[in-house]
Structure formats: C-alpha cells, structure tokens
Amino acid sequence: MMEATPTPGSLSWRLSSHPITLLTFLAFRSSSLLVYLFGLLFTDNLVMIFIITILLLAGDFYYLKNIAGRRLVGLRWWNEVDPNSGDSHWVFESSEPGTKIINATDSRFFWLAIYAQPLLWVVLAIVALFSLKFIWLPLVAIALVLTITNSLAFSRCDKFSQASNIAGTAFSSGNIAGNIASNMVGRFFSR
C-alpha cells in the first residue's frame, strides 16, 4: 500500500528545509515543559527540576533567538544599548527577499511553537495557582518572561520584515533608495 506524501506546508518534519534545526528547536521547546510536568516522577528534588527547567528555557531562548529563527524563517533580533545615552532598543534583521525562500513547513512549525508555548505556560501558571502549588510560580514566571519576549520580538521582527520588503520593492529603483526605506521602517519599529 502506498503512503500518501504530505503536502507542502503540512506539519511533517520530513518536508523541512532544515530538519536538524527544526527538530532541535522542537526538542528545546518541548523539553522544558516535559521536565516541568514530569520531573517529579523521576526525582523528589524540586531544586534540581527548577535548575534543569531554567537551563532548558535558557537554551531554548538562545537557540530560538540566534539559530532557529534565522534558519527556519529568516528572522533575527537583538537588543542594543546606546553607550552614550544608555537607551535600549531592539534591532531586527531579516533575510533579503530574493536570497532566501522560506519553507512553508518550517514557517508553520516555527510560528505554531512560538505562540503555543507561552499559552501552555499560562495554563500551567493557572494550574499552579488553583492547585495551591505556589512554589512553582517563580519558575513559571521566568518561563513566561523568556517565551513571551521571544514571541513579541519575533512578531515585531516579522512585521518589520514585511514592511521593509514592501518599502524595498516600492523603492527598488536604486540600492540607496532601498536602504533609506529600510532604515526609515527600522527606526519606526525601534521606538
């Protein structure tokens, strides 16, 4: 019997342009949740579960921000501090429109995981509150800060990318005009 091939854009890691990056991204995204949910089955040491979950969340934050975002959807962000004024602002980077074709499967996995994980942590915070397990709330709060930061940053980065692509095509008559449009849009989103 023949196996049906998945359609492009479906949630099958086999269709990914970067399967190792995608699987590592999904492993980081799910591992912190799994350790939080099932850690007590393997050890009674709450501190150990807390530390492992924090390390996995930090690894997820770093991997998503610096590797998975760039390889899967062509987006990257970082925070810069002006040394003179001390003002902080986010900087967004996206791949050039003609240089990278974003795989629909990679994009669906990326955006689904980016928005689903903070929602799951909110549910876990509510469960911790109603089950009166307040000891877990600091861990959930840290998880929410890290996952929501990445979600907001990548959402803004995607909006910046779309706006600069529109501005770039409108002013594509010359490289200077495209750079001016990109810088204007970048300044608008960095406020």
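Using N, Cα and C of the backbone, Cβ positions are placed for all residues, glycine too.
Sequence-distant neighbours of Asn103 (N-linked glycosylation site) (same chain, 6+ residues apart, CB-CB distance under 8 A): Leu15, Ser16, Ser17, His18, Leu72. Mapped onto three states, the DSSP output places Asn103 (N-linked glycosylation site) in coil. Marked as N-linked glycosylation site by Swiss-Prot on the basis of sequence analysis: Asn103.
According to Swiss-Prot, the feature transmembrane segment maps to 20-40 (among others), an assignment based on sequence analysis. Remote same-chain residues near the transmembrane segment (20-40) are listed as 13, 46, 48-49, 52-53, 56-57, 59-60, 63-64, 67-68, 71-72, 106, 109-110, 113, 117, 120-121, 124, 136, 139, 143 (criterion: CB distance under 8 Å, separation of at least six residues from the stretch ends).
Taken from Swiss-Prot, the feature transmembrane segment covers 46-64 (among others). Beyond the ends of the transmembrane segment (46-64), by six or more residues, the same chain brings 24-25, 28-29, 31-32, 35-36, 39-40, 114, 135, 139, 142-143, 146-147, 149-150, 154 to within a C-beta distance below 8 angstroms of the stretch.
Positions annotated as transmembrane segment by Swiss-Prot: 109-129 (among others).
Sequence-distant contacts of the transmembrane segment (134-154) (same chain, six or more residues past either end, CB-CB distance under 8 Å): 32, 36, 46, 50, 53-54, 57-58, 60-61, 64-65, 69, 73, 75, 77, 90, 92, 114-115, 117-118, 121-122, 124-125, 128. Here Swiss-Prot flags 134-154 (among others) as transmembrane segment.
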